[in-house]
Amino acid sequence: MMKNRVTNIHFVGIGGVGMSGIAEVLHNLGFKVSGSDQARNAATEHLGSLGIQVYPGHTAEHVNGADVVVTSTAVKKENPEVVAALEQQIPVIPRALMLAELMRFRDGIAIAGTHGKTTTTSLTASILGAAGLDPTFVIGGKLNAAGTNARLGKGEYIVAEADESDASFLHLTPIMSVVTNIDEDHMDTYGHSVEKLHQAFIDFIHRMPFYGKAFLCIDSEHVRAILPKVSKPYATYGLDDTADIYATDIENVGAQMKFTVHVQMKGHEQGSFEVVLNMPGRHNVLNALAAIGVALEVGASVEAIQKGLLGFEGVGRRFQKYGDIKLPNGGTALLVDDYGHHPVEMAATLAAARGAYLEKRLVLAFQPHRYTRTRDLFEDFTKVLNTVDALVLTEVYAAGEEPIAAADSRALARAIRVLGKLEPIYCENVADLPEMLLNVLQDGDIVLNMGAGSINRVPAALLALSKQI
């Protein structure tokens, strides 16, 4: 096993949300963990507080003494630490391969899907915790109740996100898997072929042993398309009563969702029960159904499921409520932060905001993520952005890409303006966004700060400015 052969593990890009969680769990398992990153952030500070050596920047000396070097997809092969490791014949592996090794220590539950992975993983961990199963978890966002995105539990299960963006989820060998949905995103990875995208998810499901079980959402058209090709045991979930687990009587109760769960899953007691989910949105009802399916499969009680969903405190940057901020002209606005950056998940989050806060004017501050995504989904972005009451667009977060003509925020603003409903406000520099928002907001508004790039710094800056008023 790895523990008998490996002592020192070095992470290149340790501050990334996927990397930091794995590093923390390995540290808690007793490995000597170190890492490096170009930028300090909350994750690197947290790891440092645990006693993990985190180096600023990347130099060859950082890998000296390492038994293995772990890299994120953002790390280039020209990185000096990667080059030095290869020269010293130190194995260099992707983070997904190290996550796969972690799953050798526990029974793995892997959550895949284009949207909803982080929330579903968090809900699953919450319910398993409420059931006394004390799971290990590695999540792509901070679980608010735990104050971290990873935790080493004493129980037999590890719950983790499975990343399809680079097909690295095919390294994992879980005993249970979830597919929340399949959408056409990260299509460069799949040669812009829907067939290859479908096959990757089929292969992911087939990574389970014969005694495993998958939970598949039949509300997703692409998931329904792969069902005939899935040969491993699976159960379906969704809002349709043909699913093995489905929901009815769905109600918005403020920022919560109340619904009835119906179970007609083979090998389980048939019946129904009511739950209250402590977060808004019909899309989160689906995420909760996936977590409920996994929980029932591992033997959690209905009471534990109800407790885990009602007590769920959310996850960082997934409809994360910061509370009211003061406005210069008097009054307050409710600040909510969200990671959404694909039109489908944005539409779901905006609908959740509308349902939870019916009387409020909805103001969206959005930073598109990647020029290629903006180009490929331009019309979809235009449609979803046009559904809010006021819109502030900041420039595309490139994520290492070169700009593409007519695939930037100015082009989006022009296209939305032509539709005649909104007059988008363009903010070229994200650093100027907090002050601009304070001048746009009105008393009683909800402002949704959304995107997967540097816009994540806006809430803290906006709160700081607001306190000076």
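Every residue gets a Cβ built from N, Cα and C, even glycine.
Annotated features, as they stand in Swiss-Prot:
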- GLY113, THR114, HIS115, GLY116, LYS117, THR118, THR119: ATP binding site (BINDING)
Shell of the ATP site beyond GLY113, THR114, HIS115, GLY116, LYS117, THR118, THR119, same chain only (C-beta within 8 angstroms of their C-beta centre): ILE111, THR120, THR180, ASN181, ASN287, GLU345
Count of other CB atoms lying within 10 Å of the CB belonging to THR118 (ATP binding site): 23
Candidate with sparsest Cβ neighbourhood (10 Å radius) among HIS115, LYS117, the listed binding-site residues: HIS115
Candidate with the highest Cβ count within 10 Å, taken from the binding-site residues THR114, THR119: THR119
Per DSSP, three-state class assigned to THR114 (ATP binding site): coil
Other CB atoms, at most 10 A from the CB of GLY113 (ATP binding site): 25
Where THR119 (ATP binding site) sits in the secondary structure, as DSSP reduces it to three classes: helix
Listed in sequence order, residues with CB under 8 A of GLY116 (ATP binding site) and six or more positions away: THR180, ASN181, HIS283, ASN284, LEU286, ASN287, ALA290, GLU345
